[in-house]
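Notes for the one structure printed next.
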Amino acid sequence: MLDNLSLIFDYTLIHATIRASTPILFAALAAIITQQADILNIGTEGIMLFGAFTAVTVSYFTGSWILALIMSMVVGLIIAAIMGFAHLKYKADIMVVGMAINMLALALTRFLLNEFLNTSGSFYSDQIIAFPKLKFDFLSKNPVINSLFNNYSLFEIVGIIMVVVLWYILYKTVWGLRLRSVGLFPMAAETAGINVYKRKFEVMLYSGLLGGLAGAHLSLGYSNLFAENMTNGRGFMGVAAMFFGGGNPILSWIGCLIFGLTDSIGSRLQSYGLPSQFILMIPYIATVAILAISLARKLRSEEKMKSSL
Amino acid sequence: GCSGKTEEANTSQENGQAKESGEPIKVALVLAGFLGDKSFNDSAYEGIKKAQEDFNLEVKVMESKVPSDWESNLVAMAAADYDIVIGVSTQLQDIIKKHASEFSDVKFGIIDAVVDEPNVMSATFAQNEGSFLAGAAAAMFTQKTDIPNVNSEKIIGWVGGMDIPVLHDFLVGYKQGAKHIDPEMKILTSFAGTFNDPLKGKELTLAQYSQGADIVMNVASNTGNGILEAAKETGNYAIGVDLNQDNVYPGSILTSMLKRVDRASYLMVESIAKDSFKGGEVVNMDISNGGVGLTDMSVMKEALGDKFPQDILDKIKELTEEVKSGEIEVESYPGFEKK
Amino acid sequence: MTKNQYLNTLFTIIISLLVGGVVIIFMGFNPIEAYIQLFKGAFAGKFNFGGTLERFVPLLLTALAFAVSAKVAVFNVGVEGELYLGAIAAAWAGYSIVGLPKGVHIIICIGFAMVVGSLWAAIPGLLKAYYKVNEVCTTILLNYVAIFFTSYLVNNPLSAKTGVPQTPNMESTALLSKILKPSRANTGLFIAIAVLILVYWLVQHTTIGYKLRSVGLNPNYSDYMGFNAKRTMVIGMMMSGAIGGLAGAIEVMGIYGHFLDNFSPGIAFDGMLASLIARNNIKMIPVLALFLAVLKSGALGMERFTGVPKSLVDAIIAMFILLAAMEGLFMIKKWKKNKSSKIDAAKADI
Amino acid sequence: MAAKLVEMNGINKSFPNVKAIDNGKFDLYPGEIHSLIGENGAGKSTMMKILYGMYAPDSGTIKVKGNVLEELNPKQAINYGIGMVHQEFMLVKELTVLENIILGFEPQKNNRIDFAKAREKIQYYIESYGLEIQPNKKVIDISVGEAQRVEIIKTLYRGADILILDEPTAVLTPQETVKLFEILNSLKNDGKSIVFISHKLNEVMEISDRITVMRHGEYIDTVNKKDTSIPELAKMMVGRAVFLNIKREAPKIGDTVLSVKNIYVSGEKEISKLRDVSFEVRSGEIVGIAGVDGNGQSGLVEAITGLRGVEKGDILLKGKSIKNLPPLKIRQAGIAHIPEDRNVRGLNRDFSIQENLIGNRLNENPYATWIKMNEKEIGKYAEKLIKDFDIRPSNKDISAKNLSGGNAQKIVVAREVDMHTDLLIAAQPTRGVDIGAIEAIRKTLNQAKEAGTAILLVSADLEEILSLSDRIVVMYEGKITGILQASEATEERVGLLMTGGELDDKKSIS
Ligand SMILES: Nc1ncnc2c1ncn2[C@@H]1O[C@H](COP(=O)(O)OP(=O)(O)OP(=O)(O)O)[C@@H](O)[C@H]1O
Ligand SMILES: Nc1ncnc2c1ncn2[C@@H]1O[C@H](COP(=O)(O)OP(=O)(O)OP(=O)(O)O)[C@@H](O)[C@H]1O
Ligand SMILES: [Mg+2]
Ligand SMILES: [Mg+2]
């Protein structure tokens, strides 16, 4: 078992963790930005699926990943705009809108897969140009360094940068301050002359851009194909991660990493004959447990602060 | 792999042996999943398409992964006067058993299970036998260190979709085949927990590669697309399943374990067209009748050139004979014992 | 509902049908034919109508489960998990206990499913009430755990060992009788309606309901009144879980006769949708649950007997739901007022 | 006199169920303090929200600095120099004081908020008007008085020269009020114009130049301060004469009902942690707890009623310990409690009047049989309370959020007083309610006392404490600094104890 252990916990786990957490991370970022304006965007799942489909299609037909990226973000934007109208202008419950968009995405991408790409189930081809990988020859000499620092997909790195950027924007800029006030207390924002409606709409659009990007990463970065329902709950996991971090990009990222890490460990543990279902549960249980324990500890220390003794 | 527009009912040109009247034979295919899996379901549909070339058919494919839809789809098709309603999955066994007597003038087919009713034809597969060969091939291949990216470690992989009995029937054969070649062979196995998540399949496969496997067998339907992709991306190897997947990523896929579902569905339609349908008949598709087996590895041969290990192919031939003759008895998972 | 709202609903339906029709024409099919098949698929004959009722029951119950948790201000996304666990609990009790009279056996199966569902729901409930752990996060994650767990059970200790991932068939004493054969609609329908009425009465006309609603609306008031907001919140979640478990039990006892691995494709999420469109108003929930059930079974009809591809049918249904949620769409009278009440609306959001 | 800064004429505004303003009228001159008074629900806040662009009037004209304004939103109002401090603070609790102040008007340096510059500017207002605040604290951690000052700085920071203050003193201690008035006067001397809304007529008389009275949404009159008096204003507001000072009979004091023994209770802030607090309340007397808000009174009440844990010491009700029992058990042991904040604890605003009135008798016969609520009996009971306590409107099915503050408070008072318990705890029973309601509530408390109830009254309003209490317990930083008999209590003496001072004559009795 000991030599097995070293096969499970070795340095390749780090790259695997980042790889496994990135799709969820992008979904979480898309959810965070609307949540800061008090909009629970569970349509991320659907937007991602649209994005993934668009990216593959555009990349296949044009051979340009840049164009694919742009188009998938545009599609995300359009879907988000529809959601924004339905929710903000026509007062549809945002959860319903999100779920309807998810259903629509599933059905429509399947339909378009048949119509446009003349296939069903999944679509792959040599003509699909993937997002570039950050490959540096000088790093590839040592296998450890190679695994740790080389061969990242472009958006695995961009994702990490975006966590920091979004954190900065939310907590250090005027825009972020106003956005948070809209989410926390819209009346206060309104009386400060901030147009709450516009602000909410704006972040819906950004969320669409991020969701489109998340989808494109799924189909061109994480893999190089499109499959029906390829998001497979990753958008929902993003929402869960957003709640894990209470809307804070950095804490949410930590949530994603915990999930990614335990998921990767699980993938390796499976090979040793434990019932697969229990292994597959690990990431979910671990995430809940860590969240619960950390909050319980926080509460306990607050209690202590309040004591009069 | 493109299956084109699938849902439309289309008739093809008439062929000699078709029913006298010129009216098309109405065939309904009820799936417990969707087309596009590039394996089991697509394969069943391949057979129907083949039959469409030979006979005058009107075809309806009902897809759904919602269990509560299966029964109502099947009953609706039977009630709508289809000549034959084919259930494509073990999971439809109970449903057909339940309704076959209600629709005594409709004929049913069941693939991958047996229903003993006078108006049902069944087809079963000895996937354990096919997997046995796949396991043997993988076990030999993982020691061919002159092939790029093949390491000296005696580790091979296997990734399945949902952790359900039929996959275990694949798995026992695979393990037995590998151990038959080399008892020290270590077999890493993982289940994705779903047939519908290629990304999860890819992740699991990458994990097995990082643990020393250099060839991984795919038994995961749509999830398997990720398995194959992982092979291509890392320069490692995979084994395809159900359909011939060798060409998906030429040079990355050693062989595919064929499960000739297409042949079964074709046979069922043919029996209607030729009026030879025998109720209660069970077609056992196994190595001996070519119902399961491996591909000829020609794609790999071309990719590897003279590095191609011909001895694997020879050994597979030998093993095939031994299994046929009963010299080797391949184990099966409870519930899948040969009838 | 005022007269205006009815008009609004009517307009929404007409618009949805029109838009869907245009798409169908555009794809080269006959929309009239398609809609006739949709209608037939939902209502024509025992088989189709039964199919609609068969879908209505779990939708109604899971919607109710969601609404009950919403009364205590918990957003229970975990009904799906409770459904699975309830289902497998009922299936187990159904095949492993033998020799009971029918009524008793059914009650035991249902009771066991409800207990299991409520205990499972208590976990996110407790975490939320006592440690302020966000319930949306925990319930999303715990759904996976529940589903994997049932998958383990049905493939290992509780497997029928037949090659299909299912439990052994339940004793006939544990099965609910079918109504409207050959469809699989069953007496679970009456159980569901009884539960609907009971829950409505419980929430609106009893002291328990008063406490539940009170906690959902203002936990501080509840604590001050001595209701113990935290405990009540957990109780509300457990009620929700019990109803979710019941939904699962009726599925296996009425429809399958055994537990089948992964049998629910997200029934509870559709139920949640029904409840959300009804704004968690218990009186409106059966209407919306029926609406969704009709769409679902009608869609099957449309798919079976027209050439319209399933994926397109599904897309049209998603669009129906989206439009149905936009209540403001045809509030013609309100348009003028919109301007003056924008802040009132903002206030109402808080 | 100079030209009018603001002129509002013929204003009408309806909400779904009420006509909030009926032909309303208001004007404002430069450099004046103009008070707006009226009962709860008279339409004062609505009138000012219209001026601030938050509500669009149904009809009427608004003229600001000579411009007729057709459409107005808060942003434009701010541009016209109007600033409003709302009755419910418009502060984002999770943000810092600084962030709240600059929200919407942030100084920037390369896309970053220029906090240094913001701080500098705020410092200017802090110093010029003596507005003490702590910019780096989160709003959730500051006192209401400070929040009030933050709101004022916020409006000044936005360049307001017309300040609307909606009931700014309702939540302030007398000391804080004095300080606020100093600030207002210095603002006025700086040429700013101020609209001041209050229920406290003595304050109005102290600070205003002119006074406008509203009643039931209608404009009644505008008078100069020097031409009027408190009784006259009260009469204009209510439509009849009002008597606040209830004549007091000598108390008929009985047995000890509540005795608090050396308790220690946790608190958010250092000064609100109770340490070693002891006192007694006997039947037939009102014991007033005086103290500056935030010195542990809330903690004390919560500890007695079981809403907060007691860490050390004991609490006895009629000799039996009720320490750390669940709130329900404590209620059943014989304590009724009017909580300090009707909107937080006292009411379920989304419940109907009837549902709110039955909350504490939920499981009692005949209102419930087992778990079934007997709606008929409950309805009868609700109607009785509505009548006895003159709650308006008298429709028991209206939801509580549609009631004016005074009437909402009457629901709480009616529900608790009607329990006829041995001990009644009344925390801030008249905070933010109009003069008519204050009269009614005080009368009710006095009647309960005469009927033999022991009453613990907590109030930040010193005048209220002095006029109702038979004994006064003064708290400072979580400790008792003195207990005085009514006869020996004066505003000065209590005030001194409240700020941590000591009485030299040591005549206090405990
Ligand atoms: N947003 C609103 N929606 C519905 N009704 C409202 C709204 N705001 C105020 N009202 C109603 O309008 C009337 C006037 O309310 P307003 O707040 O202006 O009174 P007020 O004089 O400020 O009273 P108070 O002294 O209690 O603050 C009341 O009957 C109130 O219930
Ligand atoms: N330990 C606690 N347990 C429960 N609630 C608490 C606790 N501490 C504070 N609170 C809540 O926070 C509010 C403010 O707390 P804080 O300690 O500042 O009040 P306080 O200073 O005791 O009362 P006041 O100063 O108003 O007389 C309280 O009303 C109470 O609802
Ligand atoms: Mg090897
Ligand atoms: Mg007001």
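Any Cβ shown, glycine's included, is placed from N, Cα and C.
Counting residues 6+ beyond its ends, the transmembrane segment (A:12-32) has Cβ neighbours under 8 Å at 40-42, 44-45, 47-48, 147-148, 151-153, 155-156, 159-160, 162-163, 166, 207-208, 210-211, 213-214, 217-218, 221-222, 234-235, 237-239, 241-242, 245, 247-249, 252-253, 255-257, 259-261, 263-265, 267-268 in the same chain. Residues annotated as transmembrane segment in TrEMBL: A:12-32 (among others).
Feature annotation from TrEMBL assigns transmembrane segment to A:39-60 (among others). Sequence-distant contacts of the transmembrane segment (A:39-60), counting only residues of its own chain at least 6 positions beyond either end whose CB sits under 8 Å from a CB of the stretch, comprise 26-27, 30-31, 67-69, 71-76, 79-80, 83, 87, 94-95, 97-99, 101-106, 108-109, 112-113, 116-117, 123, 125, 127-130, 200, 203-204, 207-208, 211-216, 218-220, 225-226, 229-231, 233-236, 238-239.
Marked as transmembrane segment by TrEMBL: A:66-87 (among others).
According to TrEMBL, the feature transmembrane segment maps to A:94-113 (among others).
Long-range contacts of the transmembrane segment (A:152-170) within the same chain: residues 15, 18-19, 22, 25-26, 29, 32-33, 36, 131-134, 176, 179-180, 213, 216-217, 221-222, 248-250, 253, each at least 6 residues beyond the stretch ends and with a Cβ under 8 Å from a Cβ of the stretch. Residues or ranges marked as transmembrane segment in TrEMBL: A:152-170 (among others).
Annotated transmembrane segment per TrEMBL: A:177-197 (among others), in sequence order.
Distant neighbours of the transmembrane segment (A:203-227): 19, 22-23, 26-27, 29-31, 33-34, 36-37, 39, 41, 43-44, 47-57, 59, 65, 68-69, 72-81, 83-84, 87-88, 109, 113, 121-124, 128-131, 153-156, 159, 179, 234-235, 238; these residues of the same chain sit at least 6 beyond its ends, with a Cβ under 8 Å from one of its Cβ atoms. If you look up TrEMBL, you'll see A:203-227 (among others) marked as transmembrane segment.
With a threshold of 8 Å between CB atoms, the same-chain residues lying at least 6 positions outside the transmembrane segment (A:239-262) that come near it are 13, 16-22, 24-25, 27-29, 31-32, 35-36, 40-42, 44, 160, 163-164, 166-167, 170, 282-283, 286-287, 290-291. If you look up TrEMBL, you'll see A:239-262 (among others) marked as transmembrane segment.
If you look up TrEMBL, you'll see A:274-296 (among others) marked as transmembrane segment.
Sequence-distant neighbours of the transmembrane segment (A:274-296) (same chain, 6+ residues past either end, Cβ-Cβ under 8 Å): 240, 244, 255, 258-259, 262-263, 265-266.
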